[in-house]
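Copied over from Swiss-Prot:
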- 807-822: compositional bias 'Polar residues' (COMPBIAS)
- 829-840: compositional bias 'Polar residues' (COMPBIAS)
- 134: N-linked glycosylation site (CARBOHYD)
- 247: N-linked glycosylation site (CARBOHYD)
- 359: N-linked glycosylation site (CARBOHYD)
- 457: N-linked glycosylation site (CARBOHYD)
- 462: N-linked glycosylation site (CARBOHYD)
- 488: N-linked glycosylation site (CARBOHYD)
- 555: N-linked glycosylation site (CARBOHYD)
- 632: N-linked glycosylation site (CARBOHYD)
- 678: N-linked glycosylation site (CARBOHYD)
- 733: N-linked glycosylation site (CARBOHYD)
- 817: N-linked glycosylation site (CARBOHYD)
- 784-848: region 'Disordered' (REGION)
- 845-848: motif 'Prevents secretion from ER' (MOTIF)
- 1-21: signal peptide (SIGNAL)
């Protein structure tokens, strides 16, 4: 098999690779918890945080009227509305309708949740939310994915289309297909389905180097839904990446084992049963059909389990569990371990299965790397330590995040968006695919532990007994997954004119998803002699083999047409309907969020308005109508908000907000203007006075032409005169503007909008200061000295001064302060009394 070099990021940040780079989102959809990791070009890998900044979210969706709730809040809602809190649905992925054993087990744990048949989906089941509303298993999973995608898009500031999904190693094709269809409902592209344990191995390898001799480790994943173990081989091989030869780390999954007997949920069920029996023994009340009480016991069992992972005892306490009776029970770690005594064998069962399939012994295993939330439970760790010795137990990966991080790195390697370090990753299928030839006869289409992408050939003998258009059912882990049909056998038989005919079919699996892929079907003819007409050139060309000139063909092969139909796959129409249903639900969520946001903003504004009503100084700037709105309408709107706000249209909420907000803004504008006006006016007058001082003392220096260059003297005087005129015109216009408007402004009432605004004063003062500074620069500029006869051209060039550029570090205030105190005092007389004489001087400056 030709191996492709897959690449994993080791850099502290991702490197931009091409112009159309896109983000990759890895989702670890777990039975109890979901995690997600985002890789975007230009930023390092990040765990996607929830709305509450948690690094993981419960895999739950709840419905409360038109409201859809996710995560911990959705799980907590089960104590009030147990029928509408959908959780732990990953346990149902291997179902084939309501008769499935898994469905029966699920409904015994969550009796309030109602399930119905759904023939349009792979899973075959839907959750009933109301008489008018139900959602398929695929749609429920898609909702959680969509929730995390929206969180990731907020982080990435862009749309996300590429996903990588983790799957337990024991997931068969049916379970994988359900996850893929959930992503298809969202119109997302799944780059890969990666084994949880292989993803952990990738994360484990990033900070380590390996020799050329294989090192064998076991990734042991004990989660909420199952416990699995995968034997992983780590070594270094020679290879090339980006055209360069280098040593490359290789990660190969060799074999896996699993059990459903040991999991976080199974331990929860033990605790729930123990607490339920304790309550019955003490009070004689059976809680088996009390849905709310069972949901509360479930929540408390989860809390107690977490406490006992770190402490020797915990107190289970639930107020008014049933019939007004409080429940309180002390549970020790030893009690929990006695409840789980029958799980000890299950703890090591996956390891034994994996080692047996890999043909390895414990002595060849370097370490057992623990992963998964349940791996923290002390009795699981102690059981493993007793079985394989404690020195081989390794806890050096993040038990919650290693899988999703490894999956994100793997996804980055499958795109062109990232510059990455090379790594060879080889995943395997964990159940054989069987091709049924009859009621009791079958052949292995793909053996167990076959690496992804590897081809496997099967041969069907006795061609004459299979018919003209034979169909062969295909199964994986006991579940029928599809039908393989040969189409043109009769035509091929005419070409293959020999007595010993066989049919060879080639199968493989998708290189990144582990899904079965039929490759080809051929008819072989061993030592057959062709009829004369097929010696001429019209014969069907063979795919393999060779021929000789005598007309005999050894191992001749002829292609056969085939079709492969997957069972239970959602039709395009069903996918469109599911996508439309989720889009409608998303729009309802957005409308609800917009409504809630409008209510919150109105409530905040009402509190502010009510505070302003008691501020007499603030109310001086309100006119009678505005005062009425503040005092009356704000109170009325508050009462309306409490009584009718949640049921009212969003438009009515925003209208009330706008009316009150506009009123407050108008009053606040006048209030702020009045507070800042005197300071701004004083600054403006000071700018006028400085300008007047410079303009009043304007003179034209006498530059002797026997000393200075005559042409440059004219240039300097012209620049100075132009600057003087610009400053003078600005001064004259601003002085006149202030004279025309100041009295009117000062006579307006506080409840009227000001005639002169603070922003105008500040802008005019700024412009005056800029022109004053420019004039000072021109005043300090000197003409060139007259060149001496015989002076070198280089000295003349060195003395050249740029026409429009004069570099001087003098600040405007420094230059202005250099004006004599006497001149400054003269200029402080009335600012509005001199413009006429100054204007005449400004006009005269044109003659300079």
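Yeah, the Cβs are placed from backbone N, Cα and C, and that goes for glycine too.
Taking the features listed in Swiss-Prot, we show where each one sits on the structure.
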{"residue": "134", "record": "N-linked glycosylation site", "DSSP class": "strand"}
{"residue": "247", "record": "N-linked glycosylation site", "DSSP class": "strand"}
{"residue": "359", "record": "N-linked glycosylation site", "DSSP class": "coil"}
{"residue": "457", "record": "N-linked glycosylation site", "DSSP class": "strand"}
{"residue": "462", "record": "N-linked glycosylation site", "DSSP class": "coil"}
{"residue": "488", "record": "N-linked glycosylation site", "DSSP class": "coil"}
{"residue": "632", "record": "N-linked glycosylation site", "DSSP class": "helix"}
{"residue": "678", "record": "N-linked glycosylation site", "DSSP class": "helix"}
{"residue": "733", "record": "N-linked glycosylation site", "DSSP class": "helix"}
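In this structure the C-alpha atoms belonging to residue 632 (N-linked glycosylation site) and residue 462 (N-linked glycosylation site) are separated by 94 Å. Annotated pair residue 733 (N-linked glycosylation site) and residue 678 (N-linked glycosylation site), C-alpha to C-alpha distance, rounded: 21 Å. Ranked by CA distance from residue 359 (N-linked glycosylation site), the glycosylation sites 134, 247, 457, 462, 488 have 457 at the top as the closest. Comparing C-alpha positions, residue 678 (N-linked glycosylation site) sits nearest to 134 among the glycosylation sites 134, 247, 457, 488.
Residue 462 (N-linked glycosylation site) sits 16 Å from residue 488 (N-linked glycosylation site), taking the C-alpha atoms as the reference points.
Mean model confidence for the motif 'Prevents secretion from ER' (845-848) is a pLDDT of 46. Closest to residue 247 (N-linked glycosylation site) in space, going by CA atoms and restricting to the glycosylation sites 134, 457, 488, is 457. Set side by side, the glycosylation sites 247, 359, 462, 488 differ in how many other CB atoms lie within 10 angstroms of their CB, and the most is found at 488. Counting in whole angstrom, residue 457 (N-linked glycosylation site) lies 44 from residue 134 (N-linked glycosylation site) by their C-alpha atoms. It is 134 that, of the glycosylation sites 134, 457, 632, 678, has its Cβ surrounded by the most other Cβ atoms within 10 Å.
If you draw a 10 Å sphere around the CB of residue 733 (N-linked glycosylation site), it holds 12 other CB atoms from the protein chains shown.
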